[in-house]
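Working notes for the structure below.
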Amino acid sequence: MQTINTFSWIKEQITRSISISLILYIITRSSIANAYPIFAQQGYENPREATGRIVCANCHLANKPVDIEVPQAVLPDTVFEAVVRIPYDMQLKQVLANGKKGGLNVGAVLILPEGFELAPPDRISPEMKEKMGNLSFQSYRPNKQNILVIGPVPGQKYSEITFPILAPDPATKKDVHFLKYPIYVGGNRGRGQIYPDGSKSNNTVYNSTATGIVKKIVRKEKGGYEINIADASDGREVVDIIPRGPELLVSEGESIKLDQPLTSNPNVGGFGQGDAEVVLQDPLRIQGLLFFFASVILAQIFLVLKKKQFEKVQLSEMNF
């Protein structure tokens, strides 16, 4: 009887451990998968500051290029592509949160004019869906449908991101007019260097917090280092914690200065922003322009015919 109870208790403990591990895995994966949009959405009401700077640059410190391509003009209530390109060397590997090396992820924020929004699925053509792949876009806020975010997603597959955009119709949205509008984009590749709370990630360089001598370097069991520095000013011991990931540059007995790099900078990614312009074109203007061109062409044709007729009359008079 006691053996049966013991077996049941062991079975219960194993089941509980597996359940807890599964829950932690799901939470961790969700946190990693949603990190890029959540960091910006939780910390800022608007991703573009009054200065024009996109807030993602607060966490992604390195400056890298980004490119956006949109049509020169679009008609009301039509779907068009906004193609964002986030170029980088596909051979590069970044430091992951666990200290290991892995591929770079990418993410983007697209700030559209008021009234422009993500196209509904039933308005997207099969060709455009093929370009989009399996990406899932979301709005920055429920009340900001004109600001779209995506990522992080694998950079190997999505260094070029196609956003399906629905142009507004001034006939149904009175605050929208037939004008030229700006579009802003921010794109990152790789992990950030600073978290929104101001703490450093393991994807950045770590500097000394004191001037002195490195007395001892302790390699931590789960990775990373504890660097004990004897402060030159008062002899007290300062401990700098280095997470797993960055490579150590100093050794025991070495003299170091305040703010001297203790590690290499493992960051291979960065953030960039750009802009483009799109004209919301009035169909009546296009019809008027086409009518004008047709009138000019017809006038040219009639002029040529009239000239030929005049030449024939002149020729007949000369013969007479």
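Placement of Cβ uses the backbone N, Cα and C atoms for every residue, glycine included.
Marked as heme binding site by Swiss-Prot on the basis of similarity to another entry: Y36, C56, C59, H60. As annotated by Swiss-Prot, signal peptide applies to 1-35, with the evidence given as similarity to another entry. Annotation comment: Swiss-Prot describes 286-305 as transmembrane segment, evidence class sequence analysis.
Cβ-based neighbour count (10 Å, all protein chains) for C59 (heme binding site) stands at 20. Its Cβ taken as reference, C56 (heme binding site) is surrounded by 23 other Cβ atoms within 10 Å in the chains shown.
With a 10 A radius on its CB, H60 (heme binding site) counts 26 other CB atoms from all the protein chains.
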